[in-house]
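Among the features that Swiss-Prot reports, Mg(2+) binding site is placed at D486, D492, with the record citing sequence analysis. The annotation domain 'KH' is assigned in Swiss-Prot to 553-612. Residues or ranges marked as domain 'S1 motif' by Swiss-Prot on the basis of sequence analysis: 622-690.
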Amino acid sequence: MLTPIIRKFQYGQHTVTIETGMMARQATAAVMVSMDDTAVFVTVVGQKKAKPGQSFFPLTVNYQERTYAAGRIPGSFFRREGRPSEGETLTSRLIDRPIRPLFPDSFLNEVQVIATVVSVNPQINPDIVALIGASAALSLSGIPFNGPIGAARVGFINDQYVLNPTTDELKESRLDLVVAGTAGAVLMVESEADILSEDQMLGAVVFGHEQQQVVIENINALVAEAGKPKWDWHAEPVNEALHARVAELAAARLGDAYRITEKQERYTQVDAIKADVTEALLAQDDTLDAAEIQDILGSVEKDVVRSRVLRGEPRIDGREKDMIRGLDVRTGVLPRTHGSALFTRGETQALVTATLGTARDAQNIDELMGERTDSFLLHYNFPPYSVGETGMVGSPKRREIGHGRLAKRGVLAVMPSPSEFPYTVRVVSEITESNGSSSMASVCGASLALMDAGVPIKAAVAGIAMGLVKEDENFVVLSDILGDEDHLGDMDFKVAGSRDGITALQMDIKIEGITREIMQVALNQAKGARLHILGVMEQAISTPRGDISEFAPRIYTMKINPEKIKDVIGKGGSVIRALTDETGTTIDIEADGTIKIAATDGDKAKHAIRRIEEITAEIEVNRIYAGKVTRIVDFGAFVAIGGGKEGLVHISQIADKRVDKVTDYLQMGQEVPVKVIEVDRQGRIRLSMKEATTPDAEAPAPEAAE
């Protein structure tokens, strides 16, 4: 008999249910979490033993959406789900980031978390539900895990914070922020904002953390009722004697190595020191474990760098805590791209391009929450050469997708609306060098490339990565962190924004005890750094260029009566296809009658506009048009009068005298003036040649000629 154990509670405006004991009983733990008809089934499986020689923590998080959750069948050829979408990859990372720091440092057993969306309410995004499910399943499993965590989405509507806003509410919100953390500490923040102040962003983080306590309380209650016994796992005791011997041999030498400012030279020296120390110790005692020595060397290395920062000494590259590396900013570096920039900050460099396209180039995204079109794309590429390595080159990895989305969030708030700038815009950031904060370099480069392309962004934006070193009550916030400072520090804190406020904030915190005061210091220090970078960027380009590139398509907009759309499209698209072939343009028609014409040549666009005006022009009775004979029949001739319209000249209307044979007067392709004498209810046009040639007839309308 299956007996579910259920916790149900109110979470803001939503009801959350966590259920365990019914499904996947062979998994280490499994829960079904639902929030107002959005349900995610989350399982956790942990291996009891680590693999021999395992040197890192093999945690895998897979978030997957099933189309049956929305009552749909996949549209792919095989009619089943395939590789993870970009949205699924981002949500997998969102779950991974706050749970990874909560496993013990020396825990190396393989753990897999799988979150499957099995029901979806279009108003409730499954990501928060999946985060709650991962927290609950890990807490129930007995695996060494210092949770649970809570998770909340925070909106900002009418100057008020909103807990877990619906999809419709988010459209009105100036903020979309996800925060996750334990009862006492924030661990992860992911957000995009419409240029909010530092205080407003910090307030949102604190609000979300306070509100999610109800989640943690209910997970703890569920664990008390249904949790599995804690694993009998203990960290291996530290070999203090060996640690002391390693520190004696390596600490001073590593300290000297970490005064080398050039990254590759420093890495070479550090690797040589580690190899020397390992070789020396093994020569003294061949029973020692080389892997253990390497682990201790890593710990000594971390202590050397951190203690120097906490003592107020210069950082690895000689900077003070709030100094920014040297900047080099250039625009228009690629001759044929629509916009380009090369942004260099120390040993981090991004080559960024902006490309303008038409509405047809927009990305159609079929998500579980519904279909949408995205006309602003930002892609981030991180080739192995950027860090002096070799490696696989191919489709983007999780990290590249995540960094690209963060950079996009940093720029999105300043992009013009489609009515202001009716282009699809694609930005690509090629990381050509990397030593910390390449995603924020991408934000800076994107802003520069967009302005170089003539995109009327509302303001320039820049990004900066902050770090933290904390021991007890002593802490130091670092501006513009290097890769080593990110790896050896306690926090990775990325902020993007304009002079007026923040557009994106991402935090990943590895320790507990990060207070509001520390976050306030970091945000204020980041603001100073951001303004400094913007000042340098503005020396290269301060406003968007007045015109787009000569190589970019120019989009001209016109409006027609929606009832005339069918005339422009024609039967089976025949008219619009002929128009695009004739004029060499791209033509897009919207349901409200808005027509967008894209062309690299202004004359071609004008020709297309003129032809559309002809097609949609109202036929005026008693008006004379320049026509062309298209068909000859026994009872008269059909004459095209422009705009794809055709009328009949009856045999009696060809001449003032009797006409026995139409071909005596007219030939195919002959141009003749005709007068419109009637348009009947069915839109059929009656024409007359004889009335058009009377002495008092007006001249034919030249604009109607083919």
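Quick reminder: no glycine exception, Cβ is built from N, Cα and C everywhere.
When averaged over the domain 'S1 motif' (622-690), pLDDT in the model lands at 88.
In the three-state DSSP reading, D492 (Mg(2+) binding site) counts as strand. Note: the domain 'S1 motif' (622-690) comprises 6 helix, 33 strand, 30 coil (DSSP; helix = H, G, I, strand = E, B). Long-range Cβ contacts of D486 (Mg(2+) binding site) within its own chain (separation 6+, distance under 8 Å): G436, A465, G467, D492.
Helix, strand and coil counts under DSSP for the domain 'KH' (553-612) come to 32 helix, 16 strand, 12 coil. Using a 10 Å Cβ-Cβ cutoff, D492 (Mg(2+) binding site) registers 21 neighbours.
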